[in-house]
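Engineer: The structure follows.
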There are 2 protein chains.
Amino acid sequence: MTRHTTTVLPPRRAGDGLPAHLDLHDVVAVGTRAAVAAWLQHTPDARTRADELAELSDRQVRSLVGLLDPATAADLLGSLDPHAAAEVVQVVEPAVAAGLVDSLDADEAAELLRSLPDADRAAVLAAMRVTRSAVVRGLLAWPEDSAAARMNPDVVSVRPGMSVREAVAAVREQTESAAESGEVYVTTTPTDDAGPVLLGVVSFRDLVLAGSDRQVASLMREDVVTVEPTADQEAAARLLHRHRLTALPVVADGQLLGVLTPDDVADIVEEEATEDAVRQGGAQPLDVPYLRASPWLLWRKRIVWMLVLFIAEMYTGTVLRAFEEELDTVIALAFFVPLLIGTGGNAGTQITTTLIRAMAVGQVRLRDVGKVLRKELTTGALIAVTIATVGWLRAWTLGVGPEVALTVAVAAAAIVLWSSLVASVLPLVLRRIGIDPAVVSGPMITTLVDGTGLIIYFEVARLLISSLGA
Amino acid sequence: MTRHTTTVLPPRRAGDGLPAHLDLHDVVAVGTRAAVAAWLQHTPDARTRADELAELSDRQVRSLVGLLDPATAADLLGSLDPHAAAEVVQVVEPAVAAGLVDSLDADEAAELLRSLPDADRAAVLAAMRVTRSAVVRGLLAWPEDSAAARMNPDVVSVRPGMSVREAVAAVREQTESAAESGEVYVTTTPTDDAGPVLLGVVSFRDLVLAGSDRQVASLMREDVVTVEPTADQEAAARLLHRHRLTALPVVADGQLLGVLTPDDVADIVEEEATEDAVRQGGAQPLDVPYLRASPWLLWRKRIVWMLVLFIAEMYTGTVLRAFEEELDTVIALAFFVPLLIGTGGNAGTQITTTLIRAMAVGQVRLRDVGKVLRKELTTGALIAVTIATVGWLRAWTLGVGPEVALTVAVAAAAIVLWSSLVASVLPLVLRRIGIDPAVVSGPMITTLVDGTGLIIYFEVARLLISSLGA
């Protein structure tokens, strides 16, 4: 009977008479391979695995590693984030570590090794099988955000002149670790001077469905979407995703280097969204999982923007000093300063987060600038009218007199409109001059609108309040 | 020779002597199927396709549709977002529309139909082949955010008792539109009373590699990860992704209903990230692509939070009025109000965006509350010291006297620490009581810190400034 592991139901039976709720301490105490296998089966969630692992002593981790075979090692390390996997690898001898890394697909192995300190990485690479370490070193040599850095170099390939029967035999001989993309690549035979040149692609499905005597060349699709190895990872992910491909070959000078799979796409999409989210909050991306970031790292990633914004925000002090006379005459004006500038910041933040995300996923492009402005200024006008009405009511209830109340209402409307303009133009202008608009954070918009909003406020006050006699 | 379509290079040759840079106007003017095929090949980008389509008149769209065959219809409509595809479908007769929708995979067809007004959807469904419309209606019946709403119901299945040879023959008979997941499901024969019960899975790869006389039952993996049809789409996507599965079967009472594929994962991950980004900016998600949102829709999605925050921010007016005497005595205190509250908001926004994203991707969980607090308060202290130093220098250069300068420095530090505390506790508390922490937007934190920050500021002033005689 099938054992379904569902998100809602626990697995229906435990293996080998072991208790169903083993934790990793128990596994190490029991000390059998069966216990490891049972734990892996009952603990599918990667975060739970990482948490239980983090609670083991180094000695316990070493015992655990002693219980792993290549399959369980691949299951465990492959499910962890590279930083957590790297911590396991760091507590064992290089020779043992090399065995663990060897159990992973080459792209996972490279990711794990990237997370190790340089000396440890060198020691593990030196202890790995030479054929394997050469492949992994090849991956490590590509820039970290390139398509090639993520590709799986183990590709199943056949020759165009083969019959389907011969191709199936050829596939059978190829390594187990080959990317499980469902695609078989048709290439020339690699020589000493040149790697395999990509000619076309057939799917396992095509091979299953075709007669065994058909020639591969007659089955293959020649029109293959490919990327250059140095192509941006995110662009490659979007290409793969938009074309609904099952795999994207990475090709240089016609030669097939490896493939990206939809798995990688989800990883890349998630990482990019995380980086953008952090940028939108006015900080720099962390490069490590949050819980692994030390306070010093967090400080470094945050303090630059904090200081830039703090210094920019100082401008508000200059503005307020310039209007000291007005403030002294009508102290009630001061009461509404946080309300008005806060509202301007909110209006702008709503726009930038929506717009920048729409640009990131390709819904909005530079040519849409006219549509965006029309849309945002109309929306801004609607919001301005709503906010001005409520603002006027609020000033009224504070009993500050009709002139100040009117000033607050008019200034609120003007600030919302101004903020809408700044927030919709700025991301598009930055994209135009080649800067990623994701740097326009909520805090940046808030800061921009604070100082200028104050000027609007006091100019409106001068205009509308008779005792300030403009 | 292979035609590689790369992200960087244009395709190497055009088809059939047609000019390489046909746009969609030209295609309609030329009016041949070859022109459509050439355009599709040279215009792989979905957004460019949608843009060119948007520039056609309804009559031109109808001419274009007349030139489509099932393959080109599937290529074009399948690449567009469902809203853009729905617009094409809406300008043609229901019978023609039904033909277009029929060309799509069932899950794509359902997504497109969800974007149509109710009457149009009913008309198209009525005009579709009955067997097909029944499948699509089945998908439409699931809740929009359930796993089942996204699944492809066309699954390739075989019986456990078949030999590999028989299984290959069975697969060959099954529909072309079956999900291209590389997996073949082993099920019981469906009866009138019950659908096919899932027994296990074999990959096309297994079928290719096994001898033709092997029995399917001996090849299949029985330990299959599955989800319930009503499982949350996002949870299903994470399951599929974490386990690096090539497909996730949707199963109810043991019966196989369809599969989710890694393709769907990337879609879901992207949509969820977009919704969270918009929420982080203090607005509600749009449910339609940005450029399709009318100003009224944008207003509705934004005004609720704008008003809530505006009304909450009014509290700052009350605080300032309560400290009117202090403000009157030392007007210089007013100069630093925007700077101090802005900085508090920035410090909090940096934390919430990072923390909420870390929670969304599963890096931080409730049990980590202690670690998060320790990390954020330490980081907050580091930032507080930095900011206080710079704030003191600024107050000094404004020439406001040593007491006010000290007040600004101490208040800045206290506000940064306070904001760090609020921003790190709030998301965790919300998660604890079952509310999605993504509602804690930058604007919300800013608003919370503005009023409380002012109280901190004026209390510090009372303490440190002699003329305010505490």
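Quick reminder: no glycine exception, Cβ is built from N, Cα and C everywhere.
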Engineer: Among A:77-104, A:329-356, where does TrEMBL put the label transmembrane segment?
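Structural biologist: My reading of TrEMBL: the transmembrane segment range is A:329-356.
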Engineer: Need the matching range: TrEMBL marks transmembrane segment on one of A:18-38, A:123-143, A:438-458, and I'd like to know which.
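Structural biologist: Checked against TrEMBL: transmembrane segment maps to A:438-458.
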Engineer: Sort out for me which stretch, of A:303-323, A:329-356, A:377-398, A:404-426, has the most Cβ pairs below 8 angstroms to the transmembrane segment (A:438-458).
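Structural biologist: It is A:329-356 that shares the most Cβ pairs under 8 Å with the transmembrane segment (A:438-458).
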Engineer: Quick check on the domain 'CBS' (A:220-275): DSSP residue counts for helix, strand, coil, in that order please.
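Structural biologist: Taking each residue of the domain 'CBS' (A:220-275) in turn, the totals are 24 helix, 17 strand, 15 coil.
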Engineer: Using DSSP, how many residues in the domain 'CBS' (A:151-218) fall into helix, strand and coil?
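Structural biologist: Output for the domain 'CBS' (A:151-218) reads 19 helix, 17 strand, 32 coil.
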Engineer: Mean pLDDT for the domain 'CBS' (A:151-218), as a whole number?
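Structural biologist: In the predicted model, the domain 'CBS' (A:151-218) has a mean pLDDT of 82.
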Engineer: What parts of the chain pack near the transmembrane segment (A:329-356), using Cβ distances under 8 Å and only residues at least 6 beyond its ends?
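Structural biologist: Same-chain contacts beyond the ends: 276, 280, 316, 320, 364, 372, 376, 380, 383, 387, 391, 394-395, 398, 400-401, 404, 407-408, 411-412, 415-416, 418-420, 422-424, 426-427, 437-438, 440-442, 445-446, 448-450, 453-454, 457-458, 461, 465, 467-468.
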Engineer: Apart from its near flanks, which chain residues at least 6 from the ends of the transmembrane segment (A:303-323) lie with a Cβ under 8 angstroms of it?
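Structural biologist: Result: 282-284, 337, 341, 441, 443-444, 447-448, 450-451, 454-455, 458.
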Engineer: What parts of the chain pack near the transmembrane segment (A:404-426), using Cβ distances under 8 Å and only residues at least 6 beyond its ends?
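Structural biologist: Tertiary neighbours of the transmembrane segment (A:404-426) are 330, 332-333, 336, 339-341, 343-345, 347-352, 355, 372-373, 376-377, 379-381, 383-385, 387-389, 391-392, 394-396, 437, 440, 445, 448-449, 452-453, 456-457, 460-461, 464-465.
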